[in-house]
DNA sequence: CTATATGCAAATATTTTGCACTGCT
DNA sequence: AGCAGTGCAAAATATTTGCATATAG
């Protein structure tokens, strides 16, 4: 049994390489929404010869195959998420982590927007900002 | 009568310079949500000696004074908005323009999120993506 | 007059590209 | 074997920084 990534790559005429699978795996197995650099660093021990360029080129393909989605919470770099359903994200302003918000039904909100705009909607991205529970604790410690 | 920007700058110990006022004015008078480069280009005719560095430095101050908000719809650069109330934005995937969505009350949606997260919320940003009405027309023309 | 701001140029950071070599299929 | 993919280095793009000069207060 072939996994989804393997068959999708092959179907679209892309070659299945260890690098591509490894990059997708990093994204599939983390909830940290890593940037290209973070993916690169994560893979260094296992693939010491892998280049950042390969990470970027692979991300491009994974995006095209809709295997990942792109996030931009307002940092200078992009982050990537292998969960491709369109859920909101929340970003801690103190530690910078980005987490999924799952189990939200935004249908009503989206419908309201759809009915008020002349655009044909194709998607949306909801970002929330705040302080995570860990950072809230730290905040309250003296100094 | 002094305008808000002038007095706010002065109050916080920043000097009031023609450059700073001009940059804020560009943002206050447009609905295009320009990037730093777009602001710079807009000001070229009037302030031919202004440098991009000044645009970036001024944006930093305006952000600090909460006179502008920062947007990132997923481009490689940031955009800025002098409307600082937290309204959704919509981005046309064809022509790239970014427009305000006004008159939406997202309180219920935000409250739902607030009640489901352990974060102390400080803000949010809603981006919608689609095809604007102008681009929809163009789309349908033969070729 | 003094301290801050500007403008230039150089530095930094992120992402993209060109090309010789490698390795899937 | 053939062609797409990788890795390196260089380029492109966006943003930041250092510093000499200009200017607001």
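Glycine is no exception: its Cβ is also placed from the backbone N, Cα and C atoms.
Caution: TrEMBL annotation is automatic and unverified by curators.
Summarising the annotation, TrEMBL assigns Zn(2+) binding site to A:92, A:95, A:132, A:135. In the three-state DSSP reading, residue A:132 (Zn(2+) binding site) counts as coil.
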Cβ under 8 Å from chain B: which of the binding-site residues A:92, A:95, A:132 qualify? A:92, A:132
For residue A:95 (Zn(2+) binding site): intrachain residues, at least 6 apart, with Cβ closer than 8 Å: A:132, A:134, A:135
